[in-house]
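First the structure, in the form of structure tokens, and then the observations on it.
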Amino acid sequence: MAEYLASIFGTEKDKVNCSFYFKIGVCRHGDRCSRLHNKPTFSQTIVLLNLYRNPQNTAQTADGSHCHVSDVEVQEHYDSFFEEVFTELQEKYGEIEEMNVCDNLGDHLVGNVYVKFRREEDGERAVAELNNRWFNGQAVHGELSPVTDFRESCCRQYEMGECTRGGFCNFMHLRPISQNLQRQLYGRGPRHRSPPRFHTGHHPRERNHRCSPDHRHGRF
């Protein structure tokens, strides 16, 4: 019996533990889920909830109408965000094996940033410190995640351009970075960077900006 329970743990056959939480680290039902969310006490992976904001989804003018943001501008904005977060976290907490950002629209997945460190203790320290900081005018909410193999978390149909559920799919739609940035971040050691844009212990001052991608994500 014990062997059978172990074999179905975290799968759809498991009637006790939530398979979605086990695979993607979050669940659309949240605390109302009828199955258990076994939150890890140690993990290489952390998740920063709802951290990335796609400017195509959030860009608005003062009168409430939406701004048009091109795909090129969105990619530049995303690459800038990704590089900033990756570089800051790696230089402050430890080597990163993998970082992924969700482009889903569901509340439990939208903008989630998953960071897999090489060492578990680096992830633990990152969560403890990041939960005292601010980004984009909101408090950072980070927690340890059970996700270690993103192949089990990703929507394969999305990767092939065939997902019919769109942004509200319950599996991760991971937004890719440009190839140049991929080589830069994963192919080099420590890099020179601009001053960090995390804020600690207080809410950053709000400012009015024009509608442009460079002004729509916050500063660490």
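Every residue gets a Cβ built from N, Cα and C, even glycine.
Heads up, TrEMBL stuff is auto-annotated, nobody curated it.
Residues or ranges marked as compositional bias 'Basic residues' by TrEMBL: 189-208.
The compositional bias 'Basic and acidic residues' annotation in TrEMBL covers 209-220.
On the 0 to 100 pLDDT scale, the domain 'C3H1-type' (12-40) averages 81 in the predicted structure. Positions annotated as domain 'C3H1-type' by TrEMBL: 12-40 (among others).
Annotated domain 'RRM' per TrEMBL: 65-147, in sequence order.
Across the domain 'C3H1-type' (149-176), DSSP classifies residues as 7 helix, 3 strand, 18 coil. TrEMBL lists 149-176 (among others) with the feature domain 'C3H1-type'.
Marked as region 'Disordered' by TrEMBL: 185-220.
Marked as zinc finger by TrEMBL: 12-40 (among others). Within the same chain, residues 47, 49, 106-109, 112, 114, 143-147, 152-153, 170-172 sit at least 6 positions outside the zinc finger (12-40) and bring their C-beta atoms closer than 8 Å to a C-beta of that stretch.
Long-range contacts of the zinc finger (149-176) within its own chain (CB-CB distance under 8 A, at least 6 residues past either end) are made by residues 20, 23-25, 28, 78, 98, 100-106, 109-110, 114. If you look up TrEMBL, you'll see 149-176 (among others) marked as zinc finger.
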* DSSP-assigned states of the domain 'RRM' (65-147) in counts, ordered helix, strand, coil -> 34 helix, 21 strand, 28 coil
